[in-house]
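K.L.:
OK, Swiss-Prot features for this one:
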- R19: site 'Transition state stabilizer' (SITE)
- K25: site 'Transition state stabilizer' (SITE)
- R156: site 'Positions MEP for the nucleophilic attack' (SITE)
- K209: site 'Positions MEP for the nucleophilic attack' (SITE)
Amino acid sequence: MFLNEKVGAVIVAAGQSRRMEGQDKIFALLAGKPVLAHTLSVFQESPQVDDIALVMAEHNIEKAKELVKEYNFSKVIAICSGGTLRQDSVRSGLSALCDCGWILIHDGARPLLEPDSIPEGLEAAKLCGSAIAAVPLKDTIKEISPEGLVEKTLPRERLISVQTPQVFRADIIQKAYQRVGIIATDDAQLVEKLKLPVRIFSGACANIKITTPEDLLMAEILLKKGR
């Protein structure tokens with residue numbers, strides 16, 4: 001609960017694992033436990049989170065049901081089928097959390113989320129209705145032409161690297177996802193299209209997204225070091 005309203009989490013785990021060299025990143029073992037189990041554990045154990053909607057690729061739904069049962073993830077109230085785009089998958093998860101006042105959206109392939117990020121995200125979202133986890137950029141970012149030539153260097157001090165969770169008042173994110181014909185790379189971008197403010201709160205460098213075998217190895221190292 002947060003501000004006397006239910007809090008729901010959409011865990012998006014319907015990706016194709018194209019860069020994992022044949023492994024399914026969601027069920028790959030991390031310290032002897034599936035990546036997805038690490039991710040769900042953070043939300044299961046969070047005192048703020050009431051309900052979880054888990055979004056899976058169609059072919060992984062039965063396997064997800066087995067995992068939820070094995071680890072007793074009692075807050076998972078729905079296992080939904082994902083869509084072609086990430087947006088379609090999130091929309092599917094949102095439909096299962098209709099009675100929640102606040103929504104967190106998190107990548108299932110980010111297993112090293114710090115538990116404190118959940119209340120911190122909710123507190124940040126309370127100020128304007130939307131908030132996203134982010135970390136400062138470490139590298140210089142340049143804009144290039146279609147021919148691969150550098151056109152300009154972007155001001156790093158005004159740029160951030162965005163992570164999940166992304167946190168929203170439910171009415172805002174539901175309205176954002178009702179719009180069609182807009183392709184976005186993250187949830188906050190749809191809120192931005194509504195001309196509504198989005199705050200940032202501190203993410204963590206350890207909150208990596210597993211997309212390659214090298215990421216999985218790095219997650220193992222971070223986990224052993226206590227992140």
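Positions of Cβ are set from backbone N, Cα and C atoms, glycine also.
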K.L.:
I'd like to know which of these recorded sites, K25, R156, K209, is least surrounded, judged by other CB atoms within 10 A.
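P.N.:
Fewest other Cβ atoms within 10 Å, among the recorded sites K25, R156, K209, is found for R156.
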K.L.:
Translate the DSSP assignment of K209 (site 'Positions MEP for the nucleophilic attack') into the three-state scheme.
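P.N.:
The residue in question, K209 (site 'Positions MEP for the nucleophilic attack'), is coil (DSSP, three-state).
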K.L.:
Round to a whole number and give the Cα-to-Cα distance in Å for the pair R156 (site 'Positions MEP for the nucleophilic attack') and K209 (site 'Positions MEP for the nucleophilic attack').
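P.N.:
Cα of R156 (site 'Positions MEP for the nucleophilic attack') to Cα of K209 (site 'Positions MEP for the nucleophilic attack') measures 22 Å after rounding.
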K.L.:
Pop the Cα-Cα gap between K209 (site 'Positions MEP for the nucleophilic attack') and K25 (site 'Transition state stabilizer') into the table, whole Å please.
P.N.:
10
K.L.:
Could you check what DSSP calls R156 (site 'Positions MEP for the nucleophilic attack') once collapsed to helix, strand or coil?
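P.N.:
DSSP assigns R156 (site 'Positions MEP for the nucleophilic attack') to helix.
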K.L.:
Under a three-state reading of DSSP, tell me whether K25 (site 'Transition state stabilizer') is helix, strand or coil.
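P.N.:
It is coil.
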